[in-house]
Each structure stands twice: as structure tokens, then as C-alpha cells.
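Since the structure comes first, as C-alpha cells, the remarks are kept for the end.
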Amino acid sequence: MSKTLATGRIRVMIPALGFGLYKVPPNKAEEVVVEGVKAGYRLVDGAEFYANEVEAGRALRHDDIDRSSLIVTSKFWGEESQDRDAVLASFDASERALGSIDLYLIHWPRPERGQFVDVWRTFIELRDAGRVRAIGVSNFSEEQIMRLIDETGEVPLVNQVELHPYLQQAELRAFHAEHDILTQAWSPLGRGNVLTDPTIVQIADAHGVSPAQVVIRWHLQLGNSVIPKSERAERLRSNADVYGFELGDAQMAAIAELDRGTHYGTAPADRQ
Ligand SMILES: NC(=O)C1=CN([C@@H]2O[C@H](COP(=O)(O)OP(=O)(O)OC[C@H]3O[C@@H](n4cnc5c(N)ncnc54)[C@H](OP(=O)(O)O)[C@@H]3O)[C@@H](O)[C@H]2O)C=CC1
Ligand SMILES: O=C(O)C(=O)[C@@H](O)[C@H](O)C(=O)CO
């Protein structure tokens, strides 16, 4: 399952299913990337902030990894400075670590700094210079994305946001669909918290699969791109094994009922 979307003049295929590297310890990141690619994922979600890009990049240089078949994401953190030079320096460091970057995201809008439109202009410059294939954002609201579009004419390819059965983001997803923006779900398993939900467990039992497989399948059937994290090879494999069953309408509707607006990660309003 994959989705092609337009950004500027460039069309890039973003695989719907990937794996994330947040909190993967540096000494495990190389192995996790190798195991993830072996398990069939073609999307690797990294970031400068995760402090494991050098080790992830080591795996991406292995001879038996076909780098050209992968979409590798990095993100600009921007806590110290968001000036053009800071964006370029940060991009350079991530690019050096990873070898190359396919998808580059503004990690957080940090609206009180008032610089995210300028950061976006630098992202466009990087994309137009051919240094990255596609650009997008993370943790942006509808209003913040509209500012990017209104002030630069460029629509982000992706908005990566916290999204799981307890935080379903229906309005934001509808807005993304209207503007041809891919919704990418971070903490898609609610950091494990949704996996013991009785509704999820019951659906898993009915299909003879794990609760995590049900949740990942739910994301894919909604049309989300989804990037669960695991540092265990067995879970990486089972989380990718989600194409042998389908959730029925009643099961999708039952999961829709679980929405309760719960954040397990930092909410955008709390990250300046
Ligand atoms: N843009 C942003 O601001 C953010 C982006 N992200 C991205 O999203 C990715 C995923 O989000 P994350 O916060 O890690 O949360 P997830 O919802 O992916 O949950 C990860 C947790 O679930 C556990 N887990 C994974 N698979 C299973 C399974 N099959 N059964 C039981 N437990 C399981 C993992 O443990 P274990 O590792 O031990 O298997 C870990 O504790 C991140 O790695 C990162 O790439 C995350 C946060 C913010
Ligand atoms: O949610 C948190 O508490 C976090 O620290 C992360 O979301 C972090 O801010 C992040 O952006 C990871 O991608």
C-alpha cells in the first residue's frame, strides 16, 4: 500500500507503512534498521532529535540494503535557532549521517518564535536544489499549514501528527484530504497504551492477530501512513505483517468509538 502525492513540481511515493526510530538507543539503531528493512518496511522515520542518525546511516550503507528502494525521513528540530543557516547546518549534519534524505520535515512549528514560514522557505530551497526529494511538516495545525500555503504557494507533502485510536484527529485528517496532504501517524500504537483496550483485543482475537496488528491495519484502512516503533526484531516483523486480514465496517466503527482526545506525547501547544 502506498500513496503518491504532489508537492511543487515533484511527485514522490511515500510508503504507507514504516517504522520509527524515536527512543531507539544509538547502540541498537543499526540493528533495528537492518531488521526493519529485512521485515519489508520501505519507510524509515528518523530525526536529528533522536540522536541515532549516525548509527541508522551505518545500516543504510550496508551492501545488502537497496537504499534506492527506501524513503528515509529526517526532521529539523530547531530548538536553538530557526534561521536559514541553522536549518542548512542541521540538514547537512543529518545528510552526512544518513547518506541522503528523501523526506525532510519541520519537526514542530514552535509558533511563538514566528519563524516557521521562513523555515519552510529554506525547505523549499533545499528541495529545489535537489538535496531532498520531498518536504513536509509535523505537528502543524490546519491554520499553520494554511499560512505556509498562502505565503509560499507550496503544500507540504506530509503532516506527521500524534494519531491513534484514542486521538483520531478526524478534523485534521479531513483537512489533509482536502489539500492532498498525507496524514502520517506518530505514536500510532499510543505508545502501547491502546493495545490492552478491550475492543482492540476482541477484534484481534476475532482475526487471530495481535492488538498491534489490528491498530496498524486500522491506520492503513483509514488512509494514514503509519510508523510504529519497536526495537525488537520479532515485533518489527509482526507489525509489518498486516496484509493478510481486513477489518470489517463494524470493526472500523467500533474503533472509531474509542476516540477520547488523549495525548501520550507532547501536544503541539506545549512545545515552543
Ligand atoms: N513527529 C513527532 O513529533 C514524533 C514522531 N514520532 C515518530 O513515531 C514513531 C512511533 O512513535 P512512538 O512514540 O515510538 O510510539 P508507538 O505508538 O510506535 O509505540 C512504541 C511502543 O510500543 C511498543 N510496541 C511496538 N510494537 C509492539 C507490539 N507489537 N506489541 C506490544 N508493544 C509494542 C514499543 O516497545 P518495544 O520497542 O520494546 O517493542 C514501544 O514501547 C517514533 O519512533 C518516531 O519515529 C514519535 C513521537 C513524536
Ligand atoms: O512526546 C514527547 O514527550 C516527546 O518528547 C516527543 O514527542 C518528542 O517531542 C518528539 O518530537 C519526538 O519526535
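Counting starts with 1 at the first residue shown.
Every residue gets a Cβ built from N, Cα and C, even glycine.
All TrEMBL annotations are machine predictions without curation.
Taken from TrEMBL as is:
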type	residues	note
DOMAIN	23-259	domain 'NADP-dependent oxidoreductase'
ACT_SITE	Y50	active site, proton donor
SITE	K75	site 'Lowers pKa of active site Tyr'
BINDING	H107	substrate binding site
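Residue pair the residue listed as 'active site, proton donor' / K75 (site 'Lowers pKa of active site Tyr') shows a Cα separation of 10 Å.
For the pair the residue listed as 'substrate binding site' and K75 (site 'Lowers pKa of active site Tyr'), the Cα-Cα distance reads 5 Å. Looking only at other Cβ atoms within 10 Å, the busiest spot among the recorded positions K75, H107 turns out to be K75.
Under DSSP, K75 (site 'Lowers pKa of active site Tyr') is assigned to a strand (E or B) in the three-state scheme. The residue listed as 'active site, proton donor' carries a helical DSSP state (H, G or I). With a 10 A radius on its CB, the residue listed as 'active site, proton donor' counts 21 other CB atoms from all the protein chains.
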